[in-house]
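As recorded in TrEMBL, the features of this protein are as follows:
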DOMAIN    11-85  domain 'Nucleoside diphosphate kinase-like'
Amino acid sequence: MTSILRSPQALQLTLALIKPDAVAHPLILEAVHQQILSNKFLIVRMRELLWRKEDCQKFYQEHEDSVVSASREIAAFFPDFSEQRWYEEEEPQLRCGPVRYSPEGGIHCAAGAEDPGPAC
């Protein structure tokens, strides 16, 4: 599915964490995914991981200040993701469109981009 997104303002990165009880039920997980899409969020990276209770506790303890910790949170889940590169290269393409959603990768990509990013 391709759509055109035009916005004069830069897009903002948001980290969405879907907790295990939702992931355990495929219908609930799909409903959450559809809710994200229906609210016109662009999914630019997606990853599944399994953490121990201790990992979760450490993560939440270190990331209590949501505004300041956003970059650290993204880096914790996507260590190869460069926020600066995304804002310089991918964000303008996604903001100005056209944008397509890749069901296989579960993310949005700039339609026709030379380097469409991972899983597009």
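Quick reminder: no glycine exception, Cβ is built from N, Cα and C everywhere.
TrEMBL: automatically predicted annotations, no manual curation.
Residues of the domain 'Nucleoside diphosphate kinase-like' (11-85) grouped by DSSP class, helix first, strand second and coil last, total 42 helix, 0 strand, 33 coil. If you average pLDDT over the domain 'Nucleoside diphosphate kinase-like' (11-85) in this model, you get 82.
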